[in-house]
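Annotated region 'Disordered' per Swiss-Prot: 1-48, 401-431, in sequence order. Residues or ranges marked as N-myristoyl glycine in Swiss-Prot: G2. Feature annotation from Swiss-Prot assigns compositional bias 'Basic residues' to 27-37. Annotation source Swiss-Prot lists domain 'PPM-type phosphatase' at 67-384. Per Swiss-Prot, the feature Mn(2+) 2 binding site maps to D103, D329, D375; the stated evidence is similarity to another entry. The Mn(2+) 1 binding site feature in Swiss-Prot is assigned to D103, G104; the stated evidence is similarity to another entry. Here Swiss-Prot flags 412-426 as compositional bias 'Low complexity'.
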Amino acid sequence: MGSCLSSSGGGGSRRSLHGSPHVPGPGRRKRPPKRRPGSCSSSFDNTEEPLLHRIPGRMFLNGSTDTVSLFSQQGKKGPNQDAMIVWENFGSMEDTVFCGVFDGHGPYGHIVAKRVRDLLPLKLGSHLESYVSPEEVLKEISLNTDDRKISEDLVHISANGESRVYNKDYVKDQDMIQMLIGSIVKAYRFMDKELKMQVDVDCFCSGTTAVTMVKQGQHLVIGNIGDSRAVLGVRNKDNKLVPFQLTEDLKPDVPAEAERIKRCRGRIFALRDEPGVARLWLPNHNSPGLAMARAFGDFCLKDFGLISVPDVSYRRLTEKDEFVVLATDGIWDALTNEEVVKIVAKAPTRSSAGRALVEAAVRNWRWKFPTSKVDDCAVVCLFLDSEPNRLSTASFSKEKHINNGVTEPEPDTASSSTPDSGTGSPELNGVNRIDTLVNLPVYVPTKE
């Protein structure tokens with residue numbers, strides 16, 4: 001999303017799937033060319049990424065299918081640092097889909113976001129396979145669904161591993177749920193470790209948010225770090241479509257997050273020109289100020305309270321649940337949860353829902369934050385039923401993606417316990433949105 005005025009160092013690389021190293025002729029050994037940190041010319045980008053893009057059911061460009069609509073648009077701050085993905089038939093499991101949006105920040109945030117987009121689903125799939133085979137899962141479910149239940153409609157797993165529970169109800173298939181939850185937590189942990197080891201992506205002062213979701217039948221498991229958000233469109237008792245926020249915006253001033261940050265000697269305060277935006281700062285340096293408490297990358301802050309452990313929540317879907325919207329803060333800063341649900345519901349076709357959200361957010365940015373540049377936007381709308389009356393032909397064309405003029409030419413390259421009132425995050429009202437990651441000015445905050 002934003003930019004970082006300080007940058008340094010880099011971190012490790014993923015092994016190439018194909019190709020062999022160049023062998024120079026006899027005589028003087030040829031020195032390998034230097035690679036700028038954060039360069040897109042990494043071995044992963046050149047070999048593994050094209051293979052990923054040919055996987056059936058994996059989508060990362062503007063487009064739609066019968067049940068999903070994706071759309072991203074570059075803002076006015078530089079490269080589009082937002083990324084998104086939908087992977088149908090994920091993990092070779094029937095009626096299973098993986099969705100995610102990622103909001104990069106810092107000088108190489110666009111690269112970090114796309115790297116996480118590409119690798120995190122692979123790590124999650126690997127952990128799912130290591131738990132148990134699909135056949136064993138079905139056998140286990142058939143043996144245990146009658147007597148093994150989880151209390152509550154929504155189960156929330158906090159950073160310390162303790163569970164918090166909301167909306168009392170009974171949920172079957174405990175083994176399947178625990179498998180999904182455990183796999184998401186492990187995948188996030190290994191993803192951050194891999195970023196730290198990579199030499200071709202500078203993640204010291206660059207990183208990304210992530211909100212990901214696995215839908216397996218009627219089971220919905222969401223993992224979240226940062227301030228991207230997932231919102232459910234659900235019918236209330238009056239049959240009115242209302243928003244239900246599935247994730248919590250993990251800002252530094254959230255009490256549980258602030259307690260951890262202060263315990264790790266990180267500082268939390270807002271700048272004078274954006275008093276409602278709390279930031280995480282190093283204890284003795286005037287940079288960087290990160291407007292979130294959890295993120296992939298940003299290793300300069302990892303010893304001072306920033307973590308990559310996801311908040312994981314579970315929900316058992318019902319017939320009243322109509323769609324889920326995953327989006328970066330370019331959407332949520334400009335639109336309330338209620339507005340987002342209304343726009344999706346009123347879209348002429350499901351395939352146009354993602355574009356409609358982005359266009360509405362851009363319009364709102366121009367009057368809500370007139371002194372700020374429009375932010376990047378990325379949105380995934382997943383519809384939870386299969387009604388065909390609002391569907392249109394799926395569209396995934398490289399030409400459309402590029403000719404729109406709204407996104408980069410990429411192919412070659414918790415939870416609230418009650419429905420949201422639609423008022424949005426109060427700390428954003430009247431604030432000029434600047435950057436996710438900034439340097440501290442010459443002044444420092446006064447002591448309380």
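Cβ atoms are placed via backbone N, Cα and C, with glycine included.
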Task: Pairwise Cα distance for D329 (Mn(2+) 2 binding site)/G104 (Mn(2+) 1 binding site) [Å, integer] - done: 11
Task: Averaged pLDDT, computed only over the residues in the domain 'PPM-type phosphatase' (67-384) - done: 87
- [ ] Would you identify the secondary structure of D329 (Mn(2+) 2 binding site) according to DSSP, in three states?
- [x] helix
Task: Protein Cβ atoms within 10 Å of G104 (Mn(2+) 1 binding site), excluding its own - done: 33
Open item on the list: When DSSP is mapped onto helix/strand/coil, what comes out for D103 (Mn(2+) 2 binding site)?
Closed with: strand
Open item on the list: Given a 10 Å Cβ-Cβ cut-off, pick out the one of the binding-site residues D103, D329, D375 that has the most other Cβ atoms nearby.
Closed with: D103
Open item on the list: Rounded to a whole angstrom, what is the C-alpha distance between G104 (Mn(2+) 1 binding site) and D375 (Mn(2+) 2 binding site)?
Closed with: 11
